[in-house]
Every structure is written in C-alpha cells, then in structure tokens.
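Straight from TrEMBL, the features:
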type     : residues               : note
TRANSMEM : 7-27                   : transmembrane segment
DOMAIN   : 64-178                 : domain 'DOMON'
DOMAIN   : 182-374                : domain 'Cytochrome b561'
BINDING  : H219, H252, H284, H320 : heme b binding site
TRANSMEM : 221-241                : transmembrane segment
TRANSMEM : 248-273                : transmembrane segment
TRANSMEM : 285-304                : transmembrane segment
TRANSMEM : 316-339                : transmembrane segment
TRANSMEM : 351-368                : transmembrane segment
Amino acid sequence: MKTSFKFSAFFYFSIFLIFQIFSFQILTVNSQGSTDSCNSNLNLKGELLFDTTSFHCLSVWDQQGYILRYMRTDTNVWSFVLSAPNTNAYIAMGFSKNGKMVGSTAVVGWVSNDGTATMKKYFLGGQSPDEVLPDEGNLQLVNFTSSVVAEDSRIYMAFQLNTEMPSNRLIYSVGPTGMLPSAADFRLTEHQDQISTSLNYNSGQSEKSTPYANLRRSHGLLNMFGWAIFMPIGVMVARYLRQYDPIWFYAHTTIQSLGFILGFAGVISGLVLNNRLQNNVNRHKGIGIFILVLGCLQVIALLARPDKSSKVRKYWNWYHYITGRVLIMLATVNVFYGIHLGNAGSSWKAGFAVVLVIFLITAALFEIRMWKRK
C-alpha cells in the first residue's frame, strides 16, 4: 500500500507541476509588449521613415503582444507599422485572400544579434520551408520606405504598400527564438505561432478569424472532457470508493467508457480538422493518437481481465494502473498544448487549470483520509 501511495503522490504532483508550467507560460506571454501601447505615440530613437501620429492603432494579437498601426497616406499607398516583443525571432505580417497561410504573401522582419535589421517579402507557396520563397509574391512594396527598428525590447517593422485596397485577411506569425534567416539564402524556418485575423480598414476593428470554429471547439471540448476530466474522475472512483463494492466498479467502468467514447470522437474530429486546415501539428496529433492507443489497450484489458484468484491478476492490475495514469498525464499535457496551438486564449487554459486544481485538492483529501485509516 505504501508503494501505491507513493506512486499516487508522484502522479498528482506531476499533474500539479504541469499546471504550474502552463500557468507560468500564461503569465509570461500576457506580460509581453508592455512597452508599446496605442495610448501613446511612437517615440523611437531609431526613427521610422514616416510619421505615425495620425495612424489607426490596435492590438491585433494579445497573446504575443502584437500592435498594428496603419493609414492610407497617399493615393494607392498604405503605410503599416507592426510592433512586437523582440524575442530574437522574426515577426511576420501576411496578406491572404482567404485567411489561409498557403498562397499568401508576407512581409517579414528581424534584427540579428549584431544589430543588422532586415526585412523581406515572402510568397508562401506551401507548408515546407522550400516552398516559402523570398522576394516573391503579389505585394508591391514602395521602395526606400521600409525599415526595421529594435528598441526597448521590442521590434518595429514599417513598410508601405502600393495598392488601392490591401487584403483585409491578415495573418501574423512569430518565428522560433534564435533561428533567424541567414544572408546566404534567407531561408525562413517554420513559425513558432501564428494567428489569422480580419481587419476593417475603415473602422479599425480587427477580429480573429477562426476557420471551422465549431469543429475546433468540438475537438477541444471532446478531448478535454473525455481524456482529461472523465478519465481522472473514473480513476478516483476506483481508488477511493472501493468500500462501496460493487457500485464502485460499475461507476468506474461507466465513467471510463463515457470518457473513452468522448475521447475517441475528439481524436477523430481532430483528424478531420487537420485534414481540412492542413496545419503542421504533427506533435499534437502524434500524442493524441498515442493516447487513443492507450485508451484502446485499456478497453482490451477490461475485456481480458483475469479472475481475482488468478496468478496473473497482480500483473494485470499493475498494467491497468500504470497505463491509465500515463494516459491521463499525456492527455493533460496535450490539452494545454492544443489550447496553445489553437490560440484559444488564456481563458481556456485558466478554466482547465481550475479543474486540475479541484482534482488535486480532492485527491489530496482522499489520500490523507486513506492514510489516516491505515
């Protein structure tokens, strides 16, 4: 029993640690970009090439601290200034016809460690780096009006477009830290994060554009409730309510079966969503499929459960115990990771974190109660 107690304590401590890591991430991301605000005009030592005093200003990506200033400054000339935290990564602003990254043209800027500022346009012909082509695309940049300035832990990218009306479907992205394009070929590495938005140039209102929003929401909720909520509840029923035999067993199998059905539907909806969006989420998808495999193994184990008097029953219990807890730990990580990939915002992370805290407190109270009974 002591070994079981130690394993349970380690399991719940691991869940708590995961919660702490993602909570820290929320606080860190939300604290970025505090040195720039639409409440004040830009006052940079490294001056931009045009005045932004009368520009529209709005926060276009709160999660990454992106702020956009823009204005029609001449006939068929639109001026833009994008500011973001300087994380030693490139920042990008793409103009798309349909809100998708593939087929769009992006303006990308970065400042290298030696202070060299660079800005280029890229045509995003596909998802692989080989299909992202520098100095290509349908954007007509006005010559000698582009600049990139790094100041006060932020990077400012200014450029002008020669067009009657720019596309209102805008995509913002940030590159991986420390992986800037080199002067040899200006190859652009895959972005670390991105968001698709829609901008009303007249009103200055920007809205997050979320293709297949209902399918995304269903995918997230099904997996969250199936793998990361119902499964832990079923585990706690089996561990802490065994004195109510055989009610605990039927409750355990019913809850776990419901969790498996919801989780199975969540994985299928995720595969459908990935097929439609064609996003590169291989890590998230791989973890999800592995979780589904573990869930299937648990179902098979239930059907092949040996009798209590069997000599192999002890090993079956170990297998069932460990597989279930590994599944829940991976599901917890993947839910947080999926929320991050979907740019669902800190409210989803905070809501799920609250559920985890409730589970942790409940489990701790039950563990103390069991320990006192011994």
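Heads up, the Cβ atoms here are built off N, Cα and C, so glycines get one too.
Of the Cβ pairs linking the transmembrane segment (351-368) with the transmembrane segment (248-273) and spaced 6 or more residues apart, fewer than 3 are under 8 Å, so the two regions do not touch. Comparing the binding-site residues H219, H252, H284, H320 by how many other C-beta atoms lie within 10 angstroms of each C-beta, the top residue is H219. In the domain 'DOMON' (64-178), helix, strand and coil residues by DSSP number 3 helix, 63 strand, 49 coil. Outside the transmembrane segment (248-273) by six or more residues, the chain places 212, 215-216, 218-227, 229-231, 233-234, 237-238, 241-242, 285, 288-289, 291-292, 295, 298-299, 302, 331 with a CB less than 8 A from a CB of the stretch. The heme b site in the record is lined by H219, H252, H284, H320, and its two most distant CA atoms lie 28 Å apart. The average per-residue pLDDT of the prediction over the domain 'DOMON' (64-178) is 92, rounded to a whole number.
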